[in-house]
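Have a look at the structure below, then the notes.
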C-alpha cells in the first residue's frame, strides 16, 4: 500500500508539473502573439504615414505646376486626384495573398452587394465634389495659401466626428479648432498681400470659398469612412481598405469624366499639351506623377483610418503642412510674409493639440486594456491554486 500511495503521489506531482508547464507555455505564447501583431500593426501604420506625408505635398505641387505652365482645365486637375486608382489593384492583389487568417470570433457576415454599392456610390460622389472644389481653389490661390486653408480639414473632421463617431470635444480639441480657424481667417483678410496679376480679388475669394468647401468635404468623408469601418465593414481587413479606395475613386472618376466631356474642356486638351511650356513629355509626366501620388496618398489616408481613426489620419496629414508652403516658395516663388508665417505657426500649434489629445486617448486605452488582461489572468491563478491543493 505504501508503494501504491507513493506511486499515486508521484503521478499527481508529475500531472501538476505538466499542468504548470502547459500553463506557462500557453501564457507566454499568447503574450507573444499580440506583441507580434502589434509590431506588424505599427509597421503598417508607418508605411501609411510615409504615403500621406510625402505624396500629398508632391501631388499638390505637381497640380500647381500644371497650372503655372499653361494648364487650364479644372476637370483635369480633379481627375488627377482620382484616376490613378488602377495602381491600387496590384496592392489589392498583394494584400489578398498576404492577408492572415481572421481571428475574429464574431462571425459577422460581409455586407450585401446593395450595401456596398450604396457605400461606394455615396463616398465616390463626395470625393468627386471635394476634389473639384480643391482644383478650383488651387487654380485661384497661391499653393502655400491653398495648403494652409486646407489644413482646416482637421477642424471639420473633429466637427463631423462629433456627430458620426461620438468624438468628445476636450479642451485640447477645442483649442485646436480655434487655432485652425484663426489661421485660415488670417489668410482671407490678407488678400492684398497675395496680389497677383492673373487673379482678381473676386477670383481669390472664390478660390478661398472653394478650398474651405473642399476642406469640409474631406473632413466629412474621413469621419464617414471611420463610421463605415465601425458599422458596415465589421471584418477589419486590408482588402476592405483597398476596395473602398478603388471603388470610390472609380465612381468619382466616372462623374468627373462626365463633367469633362459635358463642359467641352476635353476639346482644348490637345492644344493645351502642344502649348505646354515645359513640353509634351513633361506634360504627360506631370499628369501621370500627380495621379499616382494622389492615389497612394488616398491609400495611406484610408489605411490610417482603418488602423486608428479619422482624426489621427488627418493629424498625420497636417504634419506635412510646412512642406508645401516651403516648397512653394522655392519652386513658385510664393510670398512668405509675416501673416502667412504666423498662420503656419498657428496651424502647427493646432495640429500639436490634436496629436497630444490622441496620445492621451491611446494611453488611456492601453491602460484599460492592460487592466482587462490582468483581470483575465485571475481565474487562471485561482485554478492553479486549486490544482496544487488537490
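Please read every residue number as a count from 1 along the shown chain.
Yeah, the Cβs are placed from backbone N, Cα and C, and that goes for glycine too.
As given in Swiss-Prot:
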type	residues	note
TRANSMEM	42-62	transmembrane segment
TRANSMEM	74-94	transmembrane segment
TRANSMEM	110-130	transmembrane segment
TRANSMEM	131-151	transmembrane segment
TRANSMEM	169-189	transmembrane segment
TRANSMEM	205-225	transmembrane segment
TRANSMEM	244-264	transmembrane segment
TRANSMEM	286-306	transmembrane segment
TRANSMEM	312-332	transmembrane segment
TRANSMEM	341-361	transmembrane segment
Would you kindly check 42-62, 205-225, 244-264 and say which stretch has the most C-beta pairs under 8 angstroms to the transmembrane segment (74-94)? 244-264
I'm a bit unsure how to read this: which one of 110-130, 131-151, 169-189, 205-225, 286-306 has the highest number of Cβ pairs shorter than 8 Å with the transmembrane segment (42-62)? 286-306
Do the transmembrane segment (205-225) and the transmembrane segment (341-361) share at least 3 Cβ pairs closer than 8 Å, excluding pairs fewer than 6 residues apart in sequence? no
For the transmembrane segment (341-361) and the transmembrane segment (244-264), check the count of CB pairs under 8 Å (sequence separation 6 or more) and say whether it reaches 3 or more. no
